[in-house]
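So that you can see what the record holds, here are the features copied from TrEMBL:
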REPEAT    154-184  repeat 'PPR'
REPEAT    188-222  repeat 'PPR'
REPEAT    223-257  repeat 'PPR'
REPEAT    258-292  repeat 'PPR'
REPEAT    293-327  repeat 'PPR'
REPEAT    328-362  repeat 'PPR'
REPEAT    363-397  repeat 'PPR'
REPEAT    434-468  repeat 'PPR'
REPEAT    469-503  repeat 'PPR'
């Protein structure tokens, strides 16, 4: 069946399972047991000694929320030892972030001076990236750094600062920085893409489009690649309908769409699970003379996996092969993840074997997909065998691997083991806990009503120079409210505001109501005043240079 007929058929009918038929020929060759023997056979994988990096754009694991009743016992928080694999740059950046997250104002400036850390352009960028969840602190650091010997204005540091400020919606200040960049001849198209994305994430769609269009005002010529970045921004911010409108206008202007324009829209509708609109875009792409390529097939397969139409995705995979398009590692990861999440483990393992038989050397994303597939079937011990293979072949593990493991250990109520694994992460190169890792563990303790341990992990995180985001603050503050520790809840709430993070409405409402229930009307009114001030005035100001 051709892809065009196939998509038309799918948009009109519900499909019956076809995976058994599709896999008859392949599963007669590899039984489930033989596949697993091949995976865990140390001689079955190429013995490359090269260390492979993890590309987050290749694949992102999507975790489900953890709601089970968790009962960790006899748990304590221990200090991590310094990771010897960290570079001097990373160590200095972590020290600075730790100082800034625990002190403020002139006191923080004094501590930075006393720390005797040599400022360099690369250090400034590294710190700003680590402070991306704390825009006010990021600006404070940038203001301090630009007065230090060794500082040099560059595009990357400005863009990192703009990213942090965009997260706290400081767009007036951002445009002031754009003018600074223009005066220093540091402005580039990436800057406008950042601003557009932050507007889109803040649901300010028209402002996102306006930021894109203002590139011409600053002397840049709009090209098809720029339109594609805007389409991608809108689609990834769940504004696919608006992206489609921009696309239609684009076709009427000087800029002509290319195949990437279509694949961006296909991916957008796929993420929305809207296969009907995906089909419409595909038909339009064909009508305009673009034939599906390997990227198109990969996006279509991903779309059908997201819609849980795995049999349709498998059929697309076979059609792709029949047309001599070699599936990419990303396609295999998508199918292994999707089938694994549906507990169709045998088929997920079959795709892993196919992947290797095509000559690919498994890297961290592929292995992580396999780890996840075993975990979804609650075969966590087998997942650890995969991790052993990763170590043997210098393909990980990484922090993402452990995030997957931790999620499923908690789901299986193996919380002691989850915490034990978390504590050991820093001792393994490339596995330093990230903010998402800390979020998993803090939420675990909050859900278990062990806010004391959640706070200890929180402090350990900040001592590492890792700053929490909105969701972590919300989890901890909500848990403190449940424990009737309202003074501490208000302290963390203020810390959240000081970092420039706007609280979610539900969490703020719950905190205010908890204060009122305890007769703390003045404190509740004070919170209201702070929020109203936050909404009505800019959080930060910057002297014009």
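Cβ atoms are placed via backbone N, Cα and C, with glycine included.
Automated prediction, rather than curation, is the source of TrEMBL annotations.
Not measured: the values here are computed from a predicted model.
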Taking a Cβ cut-off under 8 Å, which residues six or more beyond the ends of the repeat 'PPR' (154-184) line up next to it in the same chain?
121, 124-125, 128-129, 131-136, 138-139, 142, 190-191, 194-195, 197-199, 201-202, 207, 218, 500-502, 538-542, 544-545
Can you give me the average pLDDT across the repeat 'PPR' (258-292), rounded to a whole number?
95
Just give the helix, strand and coil counts over the repeat 'PPR' (469-503), going by DSSP.
26 helix, 0 strand, 9 coil
